[in-house]
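K.L.:
If you scroll down you'll find the structure; I have some questions about it.
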Amino acid sequence: MVKICCIGAGYVGGPTMAIIALKCPSIEVAVVDISVSRITAWNSDQLPIYEPGLDDVVKQCRGKNLFFSTDVEKHVSEADIVFVSVNTPTKTRGLGAGKAADLTYWESAARMIADVSKSNKIVVEKSTVPVKTAEAIEKILTHNSKGIQFQILSNPEFLAEGTAIQDLLNPDRVLIGGRETPEGQKAIQALKDVYAQWVPEERILTANLWSAELSKLAANAFLAQRISSVNAMSALCEATGANVMQVSYAVGKDSRIGPKFLNSSVGFGGSCFQKDILNLVYICECNGLPEVAEYWKQVIKINDYQKNRFVNRVVASMFNTVSNKKIAVLGFAFKKDTGDTRETPAIDVCKGLLGDKARLSIYDPQVAEDQIQRDLTMDKFTWDHPIHLQPMSPTTVKQVSVVWDAYEATKDAHGVCILTEWDEFKTLDYKRVYDNMQKPAFVFDGRNVVDADKLREIGFIVYSIGKPLDPWLKDMPAVA
């Protein structure tokens, strides 16, 4: 019986291993993590992450051929294939601070694998890592190998949160990178055999290690670039009276461009886009390619610009001050159908409003209060370190209250900021919302989810990103 072990029970490791267990009943799959609370959650009815469809898969397999454990060394030593899916945060100090990936957790995982292994193993990079990580890991393993053979593979994940289970069941492609040696090719085949139990052969791509590692960074950079491109257009649309939704629809009808990832918004978020682009920038700089680095940096600059522009628009519209005004924030996750708040644009928007002394009332159907408070008090990049290494009991932000209902959030508010495109925000009773707000009542739609004309009929002053400006807003230009 083939045994697979995955180090790291997070957003990637948990769902990926659950699907492997579901589709390969003859393989025993163990997910291990040093965080006791996380493993306890995976073994309970309340899983540590929210992902549509994940519950059912875990319940079907758990205890049969899918196990969650804190006994890391036992499962690693018994495994034939070890997936490493640990955090690779952006470095906050030292060489490459603010750009380079911090491989501390990766390195300690590699050393532990070398220490406890008694048989040959295939080690698979699952975390997003910078190009050439495999080479470093290979050196650590071979120098500590005690005669055991290790083969390193890169198998980057291309999951989108909110649809991770569907993405795993029916992937566009599975990419496996390995050494171009007979042993490397044999290792690639072994992992290919696992995926081939449910993924059509033609969708399983093989490449060399560096190509596989770089493909992941490149894919995320291209996706983020599309969002920044349409967001750059949204600023021009507002300035000229064009409608970004009409523009992006027309552009997306070109079959060479296609319609995906062309929705203008308050900005992109998520655990990978910014981190991967910063990583790409750093790799380009290290390889003497400053022009290429500058090019990719611009994608992040536009994203930051978009968030600042939104905050400025809110403040300028409300007589240039939000001091002591209650502002409702609807949505905090970085996109709908996930509870994930990593790098969500809501953090910078909220911090911007708090900087102007606003009082915030936040509602998100999937994000808990302690997570929101932690996000608003944490330093940049700290979120990506394991939870037990993050600062304990964060100080709460007094001007922030977290509520469990959109109507409660908007009661007595001067303005409403929609920062996540949850479906329920499209169907709120906006007449009821308006009646309970201070006047003039503002809606700042950062996701283009509401019907602005209907809201204007009710009495709201509405700002929608990239759409012709309300007459009120034209008189109150947002100063950058």
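Every residue, even glycine, has its Cβ placed from backbone N, Cα and C.
TrEMBL lists Cys272 with the feature active site, nucleophile. Residues annotated as NAD(+) binding site in TrEMBL: 8-13, Asp33, Arg38, 86-90, 127-128, Glu161, 272-275, Arg342. Among the features that TrEMBL reports, domain 'UDP-glucose/GDP-mannose dehydrogenase C-terminal' is placed at 328-452.
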K.L.:
Please report the distance from the Cα of Gly8 (NAD(+) binding site) to the Cα of Cys272 (active site, nucleophile), rounded to the nearest angstrom.
P.N.:
16
K.L.:
Whole-number Å distance between the CA of Thr90 (NAD(+) binding site) and the CA of the residue listed as 'active site, nucleophile'?
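P.N.:
Cα of Thr90 (NAD(+) binding site) to Cα of the residue listed as 'active site, nucleophile' measures 10 Å after rounding.
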K.L.:
Give the mean pLDDT for the domain 'UDP-glucose/GDP-mannose dehydrogenase C-terminal' (328-452) on the 0 to 100 scale.
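P.N.:
A mean pLDDT of 90 is what the predicted model shows over the domain 'UDP-glucose/GDP-mannose dehydrogenase C-terminal' (328-452).
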K.L.:
Might you list, by sequence position, any residue in that chain lying six or more from Gln274 (NAD(+) binding site) with a Cβ less than 8 Å away from its Cβ?
P.N.:
Ala224, Phe268, Ile300, Asn303, Glu343
K.L.:
Which of Thr90, Glu161, Cys272 has the fewest nearby Cβ atoms, counting only those within 10 Å, among these recorded positions?
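P.N.:
Among the recorded positions Thr90, Glu161, Cys272, the lowest count of other Cβ atoms within 10 Å belongs to Thr90.
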K.L.:
Taking the Cβ of Tyr11 (NAD(+) binding site) as the centre, count every other Cβ atom within 10 Å, in any protein chain shown.
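P.N.:
Neighbour count, Cβ to Cβ under the 10 Å cut-off: 22.
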K.L.:
Is it possible to get the count of other C-beta atoms within 10 angstroms of the C-beta of Asn87 (NAD(+) binding site)?
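P.N.:
Result for Asn87 (NAD(+) binding site): 20 neighbouring Cβ atoms inside 10 Å.
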K.L.:
Could you count the residues of the domain 'UDP-glucose/GDP-mannose dehydrogenase C-terminal' (328-452) that DSSP puts in helix, in strand and in coil?
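P.N.:
For the domain 'UDP-glucose/GDP-mannose dehydrogenase C-terminal' (328-452), the helix, strand and coil counts are 41 helix, 19 strand, 65 coil.
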K.L.:
Count, for each of the binding-site residues Gly8, Asp33, the other C-beta atoms lying within 10 angstroms of its own C-beta, and report the residue with the smallest count.
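P.N.:
Sparsest of the binding-site residues Gly8, Asp33 by Cβ contacts within 10 Å: Asp33.
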K.L.:
Please report the Cα separation of Glu161 (NAD(+) binding site) and the residue listed as 'active site, nucleophile' in Å, rounded to an integer.
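P.N.:
Approximately 11 Å lies between the Cα of Glu161 (NAD(+) binding site) and that of the residue listed as 'active site, nucleophile'.
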K.L.:
Using C-alpha atoms only, work out the spacing between Tyr11 (NAD(+) binding site) and the residue listed as 'active site, nucleophile' and round it to an integer in Å.
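P.N.:
The separation of the Cα atoms works out to 12 Å.
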